[in-house]
């Protein structure tokens, strides 16, 4: 591997962190509010509009089809992304994804904590048969030897299962049910100091790394500049299974160390879990739950309304018939009068013609 290539990877790694990671409050430096826990094992199918109590679109516009949620770049300055409103404190994230094809375009799955621990899957759009794995701890990007490269056939046209298995002892990346990489706590950067170990939310999205203004190493890593004439570039998220290994309603940092031992799991019912397990009821479900007496009342009320409408219609029909008969009688009288006038006119005309043996005006 050439030095130039390693430097390119290093620069790209830094850019990836900059482009994909941010935090609204860093508990390494300040006291932050607790994170909402997921606290359960659940599956999300992305073929309809997202529930904004669970998922937050952080940039751009997403579209939803029978196949899944689409993250699409159609022009410059676009990077559609979303993230979960919940956090998991160790667990499993099983994502079924098709990457976006196109030089310069990066598709990504990111688990990230408030103190910038990070676990990544990334696809560079020019290579549709490879996915990259990576990790960071506390935002540290001093080294560039953390990445892994894994073969995946037809990653842009076929859905594959990319699973992250994460505990305090080890981190595993799985592809279609086969283990691709293992990182232990002890083998991570800093002998565990920079091992991802604090509660993370989940982020999905695509972004253009191959754009003018980015470092040359970043552009080369991404496969060159983006050719927007070949747009759209689309990543598709079909479904996600998330298993939070802790139960509770919130995760709280008790100090500024960023260690997993410092995280307090606050007992209680997760509001996110409640939203998932008890979604708003449909009209049919609400109707099914009504007692028999209430249903009878609804039927009677509906019957009364129907009867009133029918009576109104009958009254209107009768009134219209009476009105029609009156109008018909008036028309008959008018017709008879006009016929009498015409008969008189014809008689006068004939009398004039017979008397004068020719045509004469009739007054």
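Each residue's number is its place along the chain shown, starting with 1.
Even glycines carry a Cβ here, placed using N, Cα and C.
Note on 77, 269: Swiss-Prot annotates N-linked glycosylation site at 269; no matching annotation appears for the rest, which is not proof of its absence. Transmembrane segment is the annotation Swiss-Prot gives to one range among 235-255, 277-297, 298-318, and that range is 298-318.
The local packing around residue 127 (N-linked glycosylation site), expressed as other Cβ atoms within 10 Å of its Cβ over all shown chains, amounts to 17. In this structure, of the glycosylation sites 161, 269, the smallest number of CB atoms within 10 A of the CB marks 269. When the recorded positions 127, 141, 203, 207 are ranked by how far their Cα is from the Cα of residue 32 (disulfide bond), 203 comes first.
Between the C-alpha atoms of residue 252 (N-linked glycosylation site) and residue 207 (chitin binding site), the distance comes to 31 Å.
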